[in-house]
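Some features that TrEMBL has for this protein:
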type	residues	note
BINDING	I37, S67, E84, D111, A112, D129	S-adenosyl-L-methionine binding site
BINDING	D129, D155, N156	Mg(2+) binding site
Amino acid sequence: MIEIDSDIIEYINRVSLMDDDILKDIKGQINGYSPIIRPGVDRFICFMLELKRPKRILEIGAFVGYSSILMASYAPWAEVTSIEVNEKNFVSARANVEKSGLKNIRLIYGDALDVLRFLNEKYDFVFIDASKGHYNEYLDLCLDLISKDGIIIADNVLFGGRIVKEGPVPHKHRTIVMRMRQFIDRIMNDRQLSSCIIPLGDGLAVIRYKGRATDERY
Ligand SMILES: C[S@@+](CC[C@H](N)C(=O)[O-])C[C@H]1O[C@@H](n2cnc3c(N)ncnc32)[C@H](O)[C@@H]1O
């Protein structure tokens, strides 16, 4: 088995990078820690978009628009709807989308836990990249919006490796770790879903919605 050491990760990140001018510009706007998807994750998402060719993409957690712009430019045939709860991030995302000139992105300002209840279109591809403590709720709401055989990708499911470590969890991470473990347990065991976890970036869950448990085909 290959030990995934930092040299291997650095190499994959370097060869995977796919930033154009606007994406480079967005990364340059961020001082300090950046929650933007990591190199390698961007390429994997684009690869999945090519395979799936979704008509409608839903993103939970726009931040300043990097992944929305990446997906909308890579899948120009698709409409991207992205939800952001933080006003400052939403305003920056809106400015970046305008700068990109892309017309296939709809940004919604609000809490996804509310907004998702009011969306009435079906989505073929969902990217969950928001509060790690709420993945189960996002998934519940997304299952009402995803089309059969739709793909859901959830980022950060390994939470810096904390999900994997045994023993006591520091108090400040306890709730997220507990909820993320419940989320992982659920996606691995729900008969409506077919799921795997890829150790890319901070851990990606890749989920296919097979249909309601009453559907004949699985
Ligand atoms: C990891 S960042 C998203 C990064 C972005 N997907 C990218 O790669 O460019 C998470 C974002 O989700 C937003 N967020 C957190 N909880 C949310 C919620 N309940 N509804 C909508 N946005 C939320 C945060 O404000 C933050 O901007």
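Placed from the backbone N, Cα and C atoms, the Cβ positions cover glycine too.
Those TrEMBL annotations? Automatic predictions, nothing curated.
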Distance in Å spanning the most remote Cα pair of I37, S67, E84, D111, A112, D129, given for S-adenosyl-L-methionine: 20
Candidates E84, D111, D129, D155: member of the binding-site residues with the richest Cβ shell (10 Å): E84
Contacting binding-site residues for ligand 1, chosen from I37, S67, A112, D129, D155, N156 when the Cβ sits under 6 angstroms of any of its atoms: I37, S67, A112, D129
Distance, N156 (Mg(2+) binding site) to E84 (S-adenosyl-L-methionine binding site) (CA atoms, angstrom): 17
Neighbours of D155 (Mg(2+) binding site) among the binding-site residues I37, D111, A112 (Cα to Cα, within 10 Å): I37
Cβ atoms near A112 (S-adenosyl-L-methionine binding site) (within 10 Å, other residues, all chains): 25
Spatial neighbours of N156 (Mg(2+) binding site), counting only the binding-site residues S67, D111, A112, D129 and Cα distances within 10 Å: D129
DSSP-derived structure type at E84 (S-adenosyl-L-methionine binding site), helix or strand or else coil: strand
Environment of D129, D155, N156, the listed Mg(2+) site - residues of the same chain whose CB lies within 8 A of the CB centroid: I37, V41, G61, F127, I128, A130, K132, A154, V157, G201, D202, L204
